[in-house]
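Visitor: Encoded as structure tokens, here's the structure I'll be asking about.
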Protein chains: 2
Amino acid sequence: MVVREKILEKIIGCFKRHGARGLDTPAFELTETLTEKYEDTFGLMYDLKDQGGELLSLRYDLTVPFARYLAMNKLKKMKRYQVGKVWRRESPALVQGRYREFCQCDFDIAGEFDPMIPDAECLKIMCEILSGLQLGDFLIKVNDRRIVDGIFAVCGVPEDRFRTICSSMDKLDKMSWEDVRHEMVAEKGLAPEVADGIGEYAQCHGGISLIEELSKDPRLSQSQLALQGLGDLKLLFEYLTLFGIAEKISFDLSLARGLDYYTGVIYEAVLLQSPGQAGKEALNVGSVAAGGRYDGLVAQFDPKGHRVPCVGLSIGVERIFCLVEQKMKASGEKVRTTETQVFVATPQQNFLRERLKLIAELWDAGIKAEMLYKNNPKLLTQLHYCEKTDIPLMVIIGEQEQREGVIKLRSVASREEVIINRESLVAEIQKRLS
Amino acid sequence: MVVREKILEKIIGCFKRHGARGLDTPAFELTETLTEKYEDTFGLMYDLKDQGGELLSLRYDLTVPFARYLAMNKLKKMKRYQVGKVWRRESPALVQGRYREFCQCDFDIAGEFDPMIPDAECLKIMCEILSGLQLGDFLIKVNDRRIVDGIFAVCGVPEDRFRTICSSMDKLDKMSWEDVRHEMVAEKGLAPEVADGIGEYAQCHGGISLIEELSKDPRLSQSQLALQGLGDLKLLFEYLTLFGIAEKISFDLSLARGLDYYTGVIYEAVLLQSPGQAGKEALNVGSVAAGGRYDGLVAQFDPKGHRVPCVGLSIGVERIFCLVEQKMKASGEKVRTTETQVFVATPQQNFLRERLKLIAELWDAGIKAEMLYKNNPKLLTQLHYCEKTDIPLMVIIGEQEQREGVIKLRSVASREEVIINRESLVAEIQKRLS
């Protein structure tokens, strides 16, 4: 929890640095709000039992609830972040860092703006967070749904199969092209030559030069949608260069993103194994952050179909949490699980009442303090507790101290002891802690 | 969310000051884990649909999951806090600050310790938090389940009716004694003279003197359980006096607490209307914090029935949130919903690229910065945005500034402007913000 808290603090700090407001939405939504938003994944939602009220399901991500919230409140623009649990009925086999309940950190910009400015900021945020968390080298794959759909169109995929073929393509980061091709042909009934056409494109990745090359590709340039996507990506790369992050971004035609609601730019951040780690056990944590543009989602919840274009990103903290924990284990780094600054101890019997008075004084002064909940604890037990939990300071009261109106202050690490006046206790401790 | 965040920060700060570790548990538990823990409330749990896995329900509080966690992990002691959502299928009529999803902040001490020391700390924490949040005057009602049961026993309630009569008695803060008596007699079949006997006790409240009086009460002192409870309460009041909070605590025999699992001391904090407010609309927010001792709950989850005594408290933030919001509305206090420190603006056309470079520099230096997502925003729109969102500083770049290698820095409130060197931008801003 301490590690988790630190990670969340960094992520939320970045969201606030970019001017986002916090938002919270309920854990469950009306089932109808969630259905049809997640192609091929709809079966993985947790539904609530019909207990005589509305039909409800646990949210699957934070994006659909945000769009629902914007529509319900007729908001035309908002820059918001949300940190919360989402639930997916994944197969019980535990992939590392993959759970049925997990925490997402989302940042989204809703509103009608000039092209690619908010989109570039989302990628900047992903870079800031991944750099800030020091997870090693990373790469953000970028593509555009319109390019994906354009490829499907020019290769001859029937339009009503776009989304299901897209969700097959999304598996390219976990499966080989051969396996994905097999799924497209054998399971989804695509003609082999159509699949091969897709395959030729899907294996391309690069930078601005690839964008320019594809803009002139005689086949792909037949698709107006694809050309729009390529034009926007070109502008995006220009902004990313101004942000100083272009070298972290790769235009990758294999990126498809599973979720149905994307309409434009899509992206996914993956961690790269550094050469030093190559010999060790491979870290397979999949993508740690992803997102994209979804210009049609809010309109689905608005009775009049008013559009509010949106772009955003999602960070899966559990995966990051796994990695940071592994790194800490490897380096032998210890983390304190409490923040206690002072321990109130006694070497003698019958000092409970004195300890209670002392510790209340410390708490009232805002000092983080603990004591043992025993009438007469042994001094050794008290010392061990401080050492085990890394409490830096001990306040010791015994018969002699009480008689003389003083307190013994002990530094747990150095074992140094000083005698101070009972009245100046809080001041002396605050001096030592600052 | 900003107000909420501040409230949670204060509460969590207090929990940490008392040496608690954070814990997180899943939103749902096995249904069987939750059943039979909440007398008369069991019907209000949200169950998940049977989707071919285990039968699950959304947690009803954070106490039962904590006890389950302790038993599953064979932990014999732990001081933990948990902040999280819980769900109750309340009647849809919205009572102020009462929701079907709400956030609880829990602090609990598990382990075998000397009597009343952790219990007293829980009450101290409640006082610290309620004072710290400045919600006005408050009172913590204290009772003991053993005294409640002792009263039932000496008044002649059959033992198998203790829990259901207890849950009627729990309504005394919302209903008159006449109504509660009616429920006991007409709905729960209690003999009228038995109910009247309970009524005589239930209307007593006071301090140490009441404890001593009841210890000598010829009828109640026939119950060994009640005498144990009274003995512990006496010790508790002694510790509360040492903590300097005894005047905030009232021994109140009407307090019963609805939850089944309490076995010893129970308590509930209520806010008192100050005389100044008496004329205004009455604030009815019920209890804002409550808790007690539950020594038998962990054993219910342990296959060998090992006992881990526990005591703790729960704070319902939604009610506090309502109150703080009302207070702020009344005082006209405004809260910034973002933390943005600097706005990057331009008075001219075609300065998007320059703004993007500038803002990236600010973000990279950890400065909270925003700009409008337009290619050519109007200067007036940019000024209005800063005023509306209380951004203190504006960085302005135009043709003249670019030519001279400088930047204009404007204080939004005072409208003062200074010209600074482009290279010293970050340093100048940091100087002004510190």
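Indices start at 1 and increase along the chain as displayed.
Placed from the backbone N, Cα and C atoms, the Cβ positions cover glycine too.
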Visitor: Have a look through B:R88, B:R219 and flag the one TrEMBL assigns to the L-histidine site that B:D61, B:L62, B:T63, B:Q104, B:D108, B:R257, B:Y261, B:Y262 belong to.
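Guide: Among B:R88, B:R219, only B:R88 appears alongside B:D61, B:L62, B:T63, B:Q104, B:D108, B:R257, B:Y261, B:Y262 as L-histidine-binding in TrEMBL.
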Visitor: Reduced to three states, what secondary structure does DSSP give B:Q104 (L-histidine binding site)?
Guide: strand
Visitor: Sequence gap of 6 or more, Cβ distance under 8 Å: name the residues on the same chain that satisfy this around B:T63 (L-histidine binding site), in order along the sequence.
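Guide: Listed in sequence order: B:D106, B:D108, B:L259, B:Y261, B:Y294, B:L297, B:G312, B:S314.
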Visitor: Given a separation of at least six residues and a C-beta threshold under 8 Å, show me what packs close to B:Y262 (L-histidine binding site) in the same chain.
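Guide: The list for B:Y262 (L-histidine binding site) reads B:R145, B:G292, B:R293, B:Y294, given in order along the sequence.
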Visitor: With every protein chain in view, what's the tally of Cβ atoms within 10 Å of the Cβ of B:Q104 (L-histidine binding site), excluding that atom itself?
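Guide: For B:Q104 (L-histidine binding site), the count of other Cβ atoms within 10 Å is 19.
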Visitor: Who sits close to B:D61 (L-histidine binding site): which same-chain residues at least 6 apart have their Cβ under 8 Å from its Cβ?
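Guide: Within the chain, B:D61 (L-histidine binding site) has Cβ neighbours under 8 Å at B:V86, B:Q104, B:D106, B:L259, B:S314.
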Visitor: Around B:R257 (L-histidine binding site), how many other C-beta atoms are within 10 angstroms of its C-beta?
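Guide: Summing over all protein chains shown, B:R257 (L-histidine binding site) has 22 other Cβ atoms within 10 Å.
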